[in-house]
Ligand SMILES: [Mn+2]
């Protein structure tokens, strides 16, 4: 009995002594063997170590002069945890954190382009989330306006590529895009909006919310109407992926055109194909500067269940990424991924993984084409 126990112990201890060859552990970014000089290396990163920023980018508190002035950047990720402008399910205030979690495995050389956006001319940072109050929409949106203006007002790192840093916002409900557009207008003037969404979001505030109170008219279904009213956007804008019903039939659609939008409906993709959709978007925006806003509900709920106003019959994740990547060459001055509400996600993080990939595609477009102010 003693002998067999000893045998079991020695089997266990030798099992614990199994030594893996060094190539079994690799550096996530470069496929370098870990512990090249030291058999135990804790200086190189792993996909799961450290604190969670977008794609492991360095965190810079971009809102505080003393912290940001010494750490310049060209493209900044900015979280906008705001979801009190929704008409459906709330929860997008957790979107920035959810998208960051979904971005943990981003990195490396893109299989389609052969490029690595994380090893380019552009200095990338994650500014964290704008600190927004959660009980007063008017104050919160003023804070977000201010956050965008402060983050984009700092001098860029690679000034030969462009003086103004560009921002990719992680939403937040779609109201948050209004703050982004107010800020881009100051730096770049009116821009064409390429708006991926299942809803038009140009509803007249008088009709949607404004009948209740003045401030309720500022919400995730009216922000594009307000952006038009404020002169922030050009009348060469376009929706992509629309399929949700409108409230007032022809009146809403007439108003939509008046706000500067053309429309590619979700099922148009079946007829036009990816190339046809891309061609229509490009011919619509011409050579104007563009802002790309992606409401994750443009995807079918099968691919993005974690959103506030899901509409069946949407794009697959692959279709959306193919369209986005084909917009390469357009002068993209800013963009966002919004309406991600992680509490409704699957346990496999279906929506947040997709949303992170969308943000990665926006980043690739911005790195590919520097824009000077
Ligand atoms: Mn929307």
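In case you wondered, yes, glycine gets a Cβ from its N, Cα and C as well.
The Mn(2+) binding site annotation in TrEMBL covers 174, 197, 199, 201, 295, 297. Residues or ranges marked as signal peptide in TrEMBL: 1-15.
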Taking the mean position of the Cβ atoms of 174, 197, 199, 201, 295, 297 as the Mn(2+) site, which residues outside that list, in the same chain, have a Cβ no more than 8 Å away, listed in sequence order? 195, 198, 200, 220, 221, 298, 309, 338, 339
In the structure shown, which of the binding-site residues 174, 199 has the fewest Cβ neighbours within 10 Å? 199
Please list, in sequence order, the residues in the chain of residue 197 (Mn(2+) binding site) that are at least six apart in sequence and whose C-beta is under 8 Å away from its C-beta. 174, 239, 240, 241, 242, 293, 294, 295, 297, 298
Give me the long-range Cβ neighbours of residue 201 (Mn(2+) binding site): same chain, 6+ apart, Cβ under 8 Å, in sequence order. 174, 195, 220, 221, 222, 223, 224, 225, 295
For residue 295 (Mn(2+) binding site), the three-state DSSP class is strand
